[in-house]
Amino acid sequence: MTLRYIALLIAGLSVLTCKTWAMVDVNMEDRVEVSLKGQAEISCIYTLKEPAKMIVWFTKSPGRDQSRKRVYYYDTLQKEIIDEGSEYAGRINFTHSHEPQNSRGSALLIINNVQLSDQKEYICTVHDVSTDSGEGHTLLQIFNSPSLPVIEGTHTGISVTAEEPSKVAHCKVDDGYPRPNITWYKDRFPLQQSNNEVKISESETTKANGLFTVESDLYIKPQRTDEDALFYCEVKYFVPGEVRMTESKKINITVHYPTTKVTVYVNPRNGLIKEGDTVEIRCEGNGNPQPVFSFTHNEEELSADNEMLLLENVKRSHSGTYVCQSIDFGEGIYAEDSVNITVHYLDQIVVTPEETVLNQGDDLPLTCNALSSLPTQTSWFKDGTWLGKGHVLVLHNASYDTAGLYVCQVTVSSLHELQKQNSVQISVRGKPKFTKEIEVGPVNKADRSVNLTCYAEGFPFPNITWTLSDQRTGQPVPVPEAENQMTDTGVISMISVRAMSELTAKCSAANELGTEEVSRKIQASARATTTTTQATSPKGTELPVPSNQPRTGGGSGVIIAVLIICLLLIAILGSVLYFLYKKGKLPCGRSGKQDFTKQKASKDDIVMEMKSGKSEEAVLLQGVNGDKKSPTE
């Protein structure tokens, strides 16, 4: 029995082995992945010594309907049928081949412009020459990369005092397949759903084309530190062979929280404040948004532009304590802060004594004082020259040089912008004194005039008078109107003179204490005016002063030579007339003498005119035998 049983068992195994060996072995990939609108290639590899008698491709849709639908048929009778239908019209191709040496064959299904509807199971059935067959199955998986995520934050802001989580932002991603996933981050830390702190609400929509739109809302209970946090959403999606990730832009949200502390700032912050400045007092709370502020000064309420109090042209009365108080009506929280400011000042300078007249040789102390809120420094100046420091300046042994305007300048040492000045006029009594000779200015080319200037010191201020006289005749010459200018110590007087002949100019200065004068000779010429100067002391002593301009000698020599020739001609003419008279050739009656006298010019009024180039000069001769004068004189 035992041997018989073993024999039957071996026979059965042999039958099974032969049956298995006779079946067609078909190999296909479990899954083929392809992007939407791409090209899918599904291969079917089978093992047969002979070419397949028949190859049939089927599709099977997912879901309850497990029925197969043929899409391709081929047999050895060269019959080939492609069942495109409306679903695959113009988009599918089939190829098949056989390798006898390897006992292998292959069939290839190609789908172009892949659609989401192509995602299903594909079945390849292979039949041999007998009744044996085999089949393989492949799932075609379609992928589509979604659009970039779009994030939008809450515009109104969220409050830390809210009892429930508040919406922070909304994230949306379109056209993904399979469905993309959204993850929320705060400062690169992922946020997880939490009942009390974090809430995430998601929704998805399938479009008509089968693609997914996924939206997500983030809700949190914010803290004050969240005002600086960055929120964003991350999207993970599938592509053939891998998982990819993309991020939205990062946003910052507005967090509302009450003010618990107030700080007061003063502008200028680091500088001292002086009278006349503009001061800003600004109040700032640590809450968001800023609460309502109010200001008081020495317990008196002030009008302000909420967080800023503007003080213009401040005075010392603006000094004191300023209090800023915040009021949060929503939370009922009050806070305050204060600041003390000092407005520094420098009063008007008082100089004593005031305008003073000294006698020569006197001493005088000048005192300068000014009330200030800060230490000061005092300096004295005269005619722009620094004299010294200190509140007191002593003038010793007064003279004309002592007279003048003394300026006292007081400066706040720590605030140089705070500076004031005052002055005092000091005069020194004395009779007039000329500090220099009469000054002669350059010749005015327009009218050939020159300016004469004299300067006399003295107090009371002297009265200046000018006199002009002709040096040759001694006769006075009209004096043009003088221009007088007062100085700290005397008077400057100036006249404009057009010298047609030699003149003597005298400048006299007189006051109640005496008189003094100074003189200068002014010489005239056709082209230039030359001068010689005499200074007269109180006793009348004349001091020779060199002329300011050299004499011109070349023109004078020519004129003298011409005059000599003219005189010789006149002498010859007189001799001829006398000779004719003696010979009786000239009538000697009264009428003849009268005619001769009428035709004869007076010997004292003979005028000769000479021209040289473009200039013209006239010389008056004092008779035939009279003295000759140089034209320059």
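Glycine too: its Cβ is placed from the backbone N, Cα and C atoms.
Note: TrEMBL annotation is automatic and uncurated.
Database features (TrEMBL):
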{"type": "COMPBIAS", "residues": "523-537", "note": "compositional bias 'Low complexity'"}
{"type": "DOMAIN", "residues": "37-141", "note": "domain 'Ig-like'"}
{"type": "DOMAIN", "residues": "146-252", "note": "domain 'Ig-like'"}
{"type": "DOMAIN", "residues": "258-342", "note": "domain 'Ig-like'"}
{"type": "DOMAIN", "residues": "347-425", "note": "domain 'Ig-like'"}
{"type": "DOMAIN", "residues": "432-523", "note": "domain 'Ig-like'"}
{"type": "REGION", "residues": "521-551", "note": "region 'Disordered'"}
{"type": "SIGNAL", "residues": "1-22", "note": "signal peptide"}
{"type": "TRANSMEM", "residues": "558-581", "note": "transmembrane segment"}
For the domain 'Ig-like' (37-141), how many residues does DSSP put in helix, in strand and in coil?
6 helix, 59 strand, 40 coil
With DSSP, how much of the domain 'Ig-like' (347-425) is helix, how much strand and how much coil, in residues?
3 helix, 50 strand, 26 coil
Could you count the residues of the domain 'Ig-like' (432-523) that DSSP puts in helix, in strand and in coil?
0 helix, 58 strand, 34 coil
